[in-house]
Amino acid sequence: MSAFQINLNPLKEPLGFIKILEWFASIFAFATCGGFKGKTEIQVNCPKVGVNKNQTVTATFGYPFRLNQASFHTPPNVSVCDVNWEKHVLIGDYSSSAQFYVTFAVFVFLYCIAALLLYVGYTNLYRDSRKLPMIDFIVTLVATFLWLVSSSAWAKALTDIKVATGHRIVEELEICNPESGVSCYFVSVTSMGSLNVSVIFGFLNMILWGGNAWFVYKETSLHSPSNTSASHSQGGGPPTSGM
């Protein structure tokens, strides 16, 4: 096995340079999604119990977006309409799409580190091997497909999260109806700009990995057979005219 020797030349080539971009893009993908915290607020009015002023209740949510576990809370030491608001939660569980997206992004982040270490530290081993470039090529194709799947699933989940934490809350909460004497009005929800960015980086990663597949393919024996001398040793040499 070749000894570890730093060679920065692969980073100047598309193969290494795009891998650095993939590494950065994976960080933004899981950080913008996994680090999100938000809240949604509604105002409540309950004239039947003698309270005519609007009071605010809040539901806090975040990654992994199990909204059905995000209950509403009132201000400290304040009873709003004599209702136990902690029994009322948001609608939906989008943890599967969010966790799949973030987990995959973390694995990509780790793979990029390993690949860069191989490119820079074991350049000759990578270039002289038939298996390593082929493994790299297969992983690149699989990663491209999984970025498409995970980003599409997360984009759909994000759309549903925006609906579930928006104006629709008032329609979904059982307590918010004329029969109960509680009137609810949607106030606000935390901006989800960072989550929009996470979706963008997901599809950006798909483009980067799909584009890099060509440069990885060029390193494989499928594009550049490395053992051309074997055919000469078996066949003796190129056929001569007259045979």
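Just so it is clear, glycine is given a Cβ too, placed from its N, Cα and C backbone atoms.
Please treat TrEMBL annotations as automatic predictions, because they have not gone through curation.
From a predicted model like this one, the values you see are computed outputs, not experimental measurements.
The compositional bias 'Polar residues' annotation in TrEMBL covers 223-233.
Feature annotation from TrEMBL assigns compositional bias 'Gly residues' to 234-243.
The domain 'MARVEL' annotation in TrEMBL covers 10-221.
The region 'Disordered' feature in TrEMBL is assigned to 223-243.
Summarising the annotation, TrEMBL assigns transmembrane segment to 100-122 (among others).
Annotation source TrEMBL lists transmembrane segment at 134-155 (among others). Listed as Cβ neighbours of the transmembrane segment (134-155) (distance under 8 Å, sequence separation of 6 or more from its ends, same chain) are residues 33, 97-98, 100-101, 104-105, 108, 111, 115, 198-199, 202-203, 205-206, 209-210, 212-213, 216-217, 219-222.
Packing against the transmembrane segment (195-217) from elsewhere in the chain are residues 13-15, 18-19, 21-22, 25-26, 28-30, 32-33, 36, 101, 105, 108, 133, 136-137, 140-141, 143-144, 147-148, 150-151, 154-155, 158, 161, 223: each is 6 or more residues past its ends and has a CB under 8 Å from a CB in it. Sequence annotations record features per position, and here TrEMBL assigns transmembrane segment to 195-217 (among others).
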